[in-house]
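What TrEMBL says about this one:
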- Glu80: active site, proton acceptor (ACT_SITE)
- Lys179: active site, proton donor (ACT_SITE)
- Cys213: active site, nucleophile (ACT_SITE)
- 31-308: domain 'CN hydrolase' (DOMAIN)
- 1-22: signal peptide (SIGNAL)
Amino acid sequence: MLLSQALLPAVVFAHAALQALASNTFLAAVYEHAVILPDPTEQPVSPSDALALMNKNMDVLEGAIKEAARQGAHIIVTPEDGIYGWRFTREAIYPYLEDIPDPMVNWIPCTDPSRFGPAPVQERLSCMARNNSIYVVANIGDKKPCKSSDPSCPRDGRYQYNTDVVFDTQGKLVARYHKYNLFEEESNQFNYPKEAEAVTFETPFGKFGIFTCFDILFYEPAVVLVSKMQVDTILFLTAWMNVLPFLTAIEFHSAWAMGMHVNVLAANTHNTSIKMTGSGIYAPAGARTYSYNMKTEDGHLLIAELDAHPRLSPAAPPAVSWNSYALSVERFSQNDHEFTGIIFEDRFTFTELTKPGGNLTVCQKDLCCHLGYKMAEKRDDEVYVLGAFDGLHVIEGQYYLQICTLLKCPSTNLSTCGQPVETAQTKFEMFSLSGTFGTSYVFPEVLYSGVQLAPGEFEVLSDGRLINQNTTSKPVLTVTLFGRWYEKD
């Protein structure tokens, strides 16, 4: 008996080590959920009515979780606002909130639901994970009482947080993240934590980090998790309203995965009336699977295999010096028809691609963007421009951007350049885009007609050039290097 007890820890350790070694890949799932929304009201509903609404959404999520588990997925990510919706007042959202403890308490809500007071949502999510042996990631609301002696304590005596939770295969709460960068409307409902939280957790298939929606555009916590915490995979819960030409969900989230050299599991809410769609499973080398659907109101489950440790994968892209090529060459010819245009309230400098092929340079402040290109056919009814933006973006937040872009204009009227457009007819035999970036955080985007990605059809060279492999399989909407200069925010 004593010998068996002595050997047990060694056996457990050996099993864990073998399991970790075997887990070079894993199956990931994300679910884009068409959220069942509450009736608009500025007054709080009863707790029972709030729970009834949340159970309707969790019924749908549970179906997706069961199906993902049936197909062998190890983890599933569901979207921000996926359980109760959005556009509440601070008072009206309160009945939907629960007290979510620090995961250090070692708690399985499914087997001990009342340990921290009423927690029916956490209990049900925990049971979904436990009953299906799958990691479940969801977005709910946390409430924390505070005292008047706390100078930051709101007048109603509580903090309210937009919160992500993770339950492991046993239903244990293993991660809790309070959203730090609130979108402007959220400040009517939630508080932001006093300090940004860099939340990570370990699994047999890699180290994970987690954050929410608007967080992806800022240094904390997004870049911290990758650069300092060295996570393998980001769990990204979002309610993303698409903004062409650079900030549609699928193009920016896939570009962020490529630029940061990590996996990203991005789960979006689905509501076409406010242009919410676009979820995907992204690897550093490109999208493994994605969905963008503005035609129906259906939810959608995505499942794909990922490398557990993408930095160690043979497919890992090389380190990139984003301005190396652009600084080493003289400026290409500059078109005499430079003009300015507005994209998402930012004033770009543009130059038109007047020939079927050639080399162009356009500059703004310290950023010069170089383009070499050849169109498969130059059409008279379509206009493309090369654009540059170097400045502080100030709409719905302030963040400093450096952007080089080849984009299609909605019409032959140059005053429309920069406005949203979803279809094109022009294919490119080649393109090579680069820029004199002052930041090392640059995200490569290629978007095809119909708002489709181009996985496997382009690459980023180590000298910072974004190039295509062959003639594009579909007409081009945009080719973009989207730079974030965090130090200048």
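Residue numbers in this text run from 1 along the chain shown.
Keep in mind that glycine also has a Cβ here, set from the backbone N, Cα and C atoms.
Just so you know, TrEMBL annotations are computer predictions that nobody has curated.
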Rounded to the nearest Å, what's the C-alpha distance separating Lys179 (active site, proton donor) and Cys213 (active site, nucleophile)? Just drop the number here, would you? 9
Glu80 (active site, proton acceptor) and the residue listed as 'active site, nucleophile', distance between Cα atoms, whole Å: 8
Mean pLDDT for the domain 'CN hydrolase' (31-308), rounded to an integer? 97
CB neighbours within 10 A of the residue listed as 'active site, proton acceptor', counting all protein chains shown, number 26
